[in-house]
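Asks: Have a look at this one before I ask anything.
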Amino acid sequence: MPASPFAAPRPVAPKRSAVRSLLRLWPYLRPVRGRFLAAALVAVVASCLSLVIPLVLKWMVDGPVADRDPDGVWWGAFAVLGLGVAEALLFGLRRWLVARPSTRVEAALRADLYRRLQRLPVAFHDRWASGQLLSRGTTDLSLLRMFLVFPLTFLFVNGVTVLAGFVVLLAQDWSLGLVLLLPVVPLVVGCSLFETRYSKAARRAQDQVGDLTTLVEESVLGIRVVKGFGRHRSQERAFRVLAERLRGTELHKARLLAGIWAFITTVPELAIGAALVLGTVQVADGTLSAGTLVAFLSTALALRWPVESIGFLLAMSQEAATATERYFEVMDQAEEVADRVPAAAAPGRGAPGGVVFEDVTFRYPDAPEDSPPVLRGVDLRIRPGETLALVGATGSGKTTLTALVPRLYELTSGRVLLDGEDIAEMPRERLRSLVAVAFEEPTLFSASVRENVLMGAGPGAGDAELRRALEVAQAGFVADLPQGAATEVGEQGLSLSGGQRQRLALARAVVGRPRFLVLDDPLSALDVHTEALVEAALREVLRDTTALVVAHRPSTVLLADRVALLSEGRIAAVGTHQELLRTSAEYAWLMSGAEDGKR
Ligand SMILES: Nc1ncnc2c1ncn2[C@@H]1O[C@H](COP(=O)(O)OP(=O)(O)OP(=O)(O)O)[C@@H](O)[C@H]1O
């Protein structure tokens, strides 16, 4: 189970600059770079057109207006209108150009994240809170798309526009131009201070969204427990605490943004004011034409938006950089250990068949270094075609041992052999086609009964296999469902009882007639009569397969040919049920407890 959101581990990423973080998106941008470049060029042209308007104004003021020529004024007005329309159309074209590639990049990032999540080891999922993963796949990727649509283009476009604007300003009057250049130094310093502080706040906010998502998800999934124990108030309180914390961070971000916005707006305004006073004095002295002053000030005003927008473009870029960091924290996690190339000698030649655990030691990857291993020196053999029941006190390591067979976790040391082949040297796909599992907690997906069950079979399986599997699991209730086996079940579908879900999970495990079957207490939710019926049918299946069955009660143990007693991570005894009852006090105690406690 993932840790609670309050204890969710915060992966510590090496601190990169925003640019370096964002550069990691390049492999995704490469295929669509042409479109983004075209969009940026279109936007540069559109933005620079706005700088031509002041020059037309200058021509109008110094020409037709001074000469009192109405025709000339009309031509000027038409030119300004034409430039405005062209600018608007070009910005529209830019938006159209980036729509497809930005959604394509987002979709590719999301698909890769999902693929990676499927391939990451179970140990990773044990460690990470699901809300943190969900928020990376949703909120963070939306932030990245927004970045591709706006800041990516406009930081470049506005930069070029400001540069071009300053060339125009300096060309018109270099002394006034220099006055407007004065704020550059404080602006650069202010922006860099803002970036550092905003990046920390952005990271905090995005992590807090993840925590909040985890809490909501756990409350929804665990709604019965929440209601059953009357915990809705404490859950609400926990939610309010997290929501308030997030709100605080968002307010902090808003304050930072407001500060930089005010700074970025005020400083250039002061410079424009100073230039206006200086320019007016020059016009009065006759050293500057009125048209030049009008053009100068219109250009300066046209540059206001490209400069002012830098604040929020930087903020969005910072959020995108944080989202990229969070995205790659998951993508950088090592996938399951690669399948080893088998040793030159044919694996397992001469080795005994069935399932063999050879000196298996296992410690969970996230367990503290000095903690004792969960399994220690386990030596166990299940003969071909045999069913072995695994019995042990709670927490003795039964589920852990069963999880090692389909390689849900990698062994710390030792070997597990299936019909003589080391599972570490088997391609996982083949291993998992040989081994079928049913866990105590039966998970059904949002799909029909048929799809849920046939998930456990090969591609050619059909109705005959489905019928047989449902029969083995005594899942006759399926026929009474509204659409029979086509009825949707799982989270989005019809609610089934615990026992019904367990029987469908069992049907899924047996439908593919696996060579090896691993069942973790598969009948725990069934009533005594249904259990007896399932066991009778299951015996037929077990005859043709090698099986490891975790058992808590004698009735399940009786399905097995032999029993292994697991005690504190070690195999303490192996024998038939009767033998162990006679020779092992612990076993006798466990079985009597099971009898008393469960029946
Ligand atoms: N993902 C995990 N990370 C770290 N430790 C774990 C993890 N899962 C289980 N453990 C620890 O491993 C030990 C054995 O757990 P396991 O679930 O295998 O016991 P079990 O015998 O199946 O118990 P039960 O009969 O209650 O199902 C326990 O001490 C448990 O706390």
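Quick reminder: no glycine exception, Cβ is built from N, Cα and C everywhere.
Remember, TrEMBL labels are computer predictions, not curated facts.
Among the features that TrEMBL reports, domain 'ABC transmembrane type-1' is placed at 37-319. Taken from TrEMBL, the feature domain 'ABC transporter' applies to 355-593. The transmembrane segment feature in TrEMBL is assigned to 36-61, 73-93, 143-168, 174-194, 256-281.
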Asks: Determine which residues of the chain contact the transmembrane segment (256-281) at the Cβ level, with the cut-off under 8 Å and only residues 6 or more beyond its ends counted.
Replies: 173, 175-176, 179-180, 182-183, 186-187, 190-191, 194, 197-198, 201, 288, 293, 296-297, 300-301, 303-304, 307-308, 310-312, 314-315
Asks: Taking residues 6+ outside the transmembrane segment (73-93), which of them lie with a CB under 8 Å of any CB in it?
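Replies: For the transmembrane segment (73-93), the sequence-distant neighbours (Cβ-Cβ under 8 Å, at least 6 residues beyond its ends) are 42-43, 45-47, 49-50, 52-53, 56-57, 59-60, 64-65.
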Asks: Let me know the model's mean pLDDT on the domain 'ABC transporter' (355-593).
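Replies: Mean pLDDT for the domain 'ABC transporter' (355-593): 87.
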